[in-house]
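Colleague: My structure is below; once you've seen it, I'll send some questions.
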Amino acid sequence: METRKIGILGAGHVGTHCAVSLMFQGLAQEIVLIDKDEKKAESQALDLNDMGACLSRKTIIRAGDYEDLKDAEILVNAIGRSRRPGETRLDMFEDSMERLKDIVPRIRKSGFQGILISITNPADVVGECLRRKLGMDRFRCFSTGTSLDSLRIKRILEEKTGYDRKSIDAFCMGEHGDSQMVPLSHVSIGGKPFLKLQEEHPDTLGMITLEELQEEVRQAGMTVIEGKGSTEFGIGVALSEIVSAIFYDQKKVWPLSVCLEGEYGQKNVAAGVPAVIGENGVEEIFEIDLSEREKQEFDHSCDVIRDYLRQAEEMLK
C-alpha cells in the first residue's frame, strides 16, 4: 500500500489547521510537523493524534525535522507570524525573507524531491523566492496565491445574489493582496455570465459593482484578523483541495500563484492564475481572455509583485 507523506513547516495556526483539513479528508497516512519550537510541534502532534482517534481514516501526525522531508511527496510552507491588524501582506515581507534564509539551505540539504506548496505571506513573493533559491521547476513549486480569495468571492457573491455558491464560478487573479483583481467577465452563475444576469435583473443584481466586490475580498482577511488574530480555516481547506487534486490526479482548475513565462504577456513573476492541478503539480496554466480593463489591473498587480521580487533578490544574496 502506498504511504502518502506530507511535511508541514510551521506548527502555528495555519500549519496545524492545514493538518486538520488533510486529516479530515484522509489525504495522507503520515504528516510531519516541523517547527523551531520543537515542544510546540510535539504538543500539536499529540493533540491532533487524539482528534484522529475518532476519524475513519488513520493519519499519523508527528513532530520531526528537515531530514524527514527526503521521502515526503508534498511539502507545505506555513512558517511565519500572523498578520497584525492594519498590516498588508506585503508588510510582512522582511520577516518572511529572514525566515527564507534559514529554511532554504535546510530544505536543500534534506534531499526533498516532491512538490512544494507555499502559504507564507506575502504568498506570491515567498513562493517564487523558494522556487528560485531551490532551483525547482515552476510547476512543482508554487504558492496558494489567490486560492483563498477565490473562495471568498464565491461566498460574497452567494450572500449578495442568493444563489448557492456551488453554482457560482468565480475566482481572483494577481497578487494575494491589495492589488488582486476579479475578472468579472468570467464570473458566471449556473453557466450564465454574471454580466448578463445583471442586465436581466437590474433592480437586484445590477446594484452589485466590481469595485464593491473587489474591496470586500481585499478586506475579508483583515476583518477576520481584527476579530480573532489570524485566518486559518479557509486556507486549510484550500490547501487540502490542492493536495487532493495532486494525489488523485484530478486535473482540477484552481487559482494558484505560478511563475509566468509568457502567459498573459508576463515573464519572471509569479501571480495568481487559473491552473490545472494533477499528479505532477501544475500541469497547465489556463489563459483566459481578459477585457482591456482586466488586463490593466492584472498587469498592475504583476508589477507590484515584481517590485517586491527585485527587493527579495537583493535581500537573499
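Just so you know, the numbers here start at 1 and follow the chain as drawn.
Each residue, glycine too, has its Cβ placed from N, Cα and C.
Not my notes, these are from TrEMBL:
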type     : residues                                                                                      : note
ACT_SITE : His176                                                                                        : active site, proton acceptor
BINDING  : Gly10, Ala11, Gly12, His13, Val14, Gly15, Asp35, Lys40, Tyr66, Ile119, Thr120, Asn121, Thr144 : NAD(+) binding site
BINDING  : Arg83, Arg89, Asn121, Pro122, Ala123, Asp124, Asp149, Ser150, Leu151, Arg152, Thr231          : substrate binding site
DOMAIN   : 5-141                                                                                         : domain 'Lactate/malate dehydrogenase N-terminal'
DOMAIN   : 146-314                                                                                       : domain 'Lactate/malate dehydrogenase C-terminal'
Colleague: Find the shortest Cα-Cα separation between Leu151 (substrate binding site) and the binding-site residues Gly12, Val14, Asp35, Thr120, Thr144, and name the residue that gives it.
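Modeller: So, of the listed binding-site residues, the one sitting closest to Leu151 (substrate binding site) is Thr144.
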Colleague: Can you break down the domain 'Lactate/malate dehydrogenase N-terminal' (5-141) into helix, strand and coil residue counts using DSSP?
Modeller: 65 helix, 23 strand, 49 coil
Colleague: What is the number of other Cβ atoms found within 10 Å of the Cβ of Gly10 (NAD(+) binding site)?
Modeller: 25
Colleague: Ala123 (substrate binding site): which of the binding-site residues Gly10, Gly12, Val14, Asp35, Tyr66 have a C-alpha within 10 angstroms of it?
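Modeller: Cα within 10 Å of Ala123 (substrate binding site): none.
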Colleague: Closest of the binding-site residues to Asp149 (substrate binding site), Cα to Cα, picking from Val14, Asp35, Tyr66?
Modeller: Val14
Colleague: Need one number for the NAD(+)-binding residues Gly10, Ala11, Gly12, His13, Val14, Gly15, Asp35, Lys40, Tyr66, Ile119, Thr120, Asn121, Thr144: the maximum pairwise CA distance in Å, whole number please.
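Modeller: That value is 25 Å for the farthest Cα pair.
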Colleague: Which value does the mean pLDDT take for the domain 'Lactate/malate dehydrogenase N-terminal' (5-141) in this predicted structure?
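Modeller: On average, pLDDT over the domain 'Lactate/malate dehydrogenase N-terminal' (5-141) sits at 95.
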Colleague: Between Asp35 (NAD(+) binding site) and Asn121 (substrate binding site), what is the CA-CA distance rounded to a whole number of Å?
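Modeller: Here the two Cα atoms are 17 Å apart.
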Colleague: How many other Cβ atoms are found within 10 Å of the Cβ atom of Asp149 (substrate binding site), counting all protein chains shown?
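Modeller: Asp149 (substrate binding site) is surrounded by 28 other Cβ atoms within 10 Å.
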Colleague: Where Arg83 (substrate binding site) and Thr120 (NAD(+) binding site) are concerned, what is their Cα separation in Å, rounded?
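Modeller: Rounded to the nearest whole number, the Cα-Cα distance is 10 Å.
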Colleague: Here's one to test understanding: among the recorded positions Asn121, His176, Thr231, whose C-alpha is closest in space to the C-alpha of Tyr66 (NAD(+) binding site)?
Modeller: Asn121
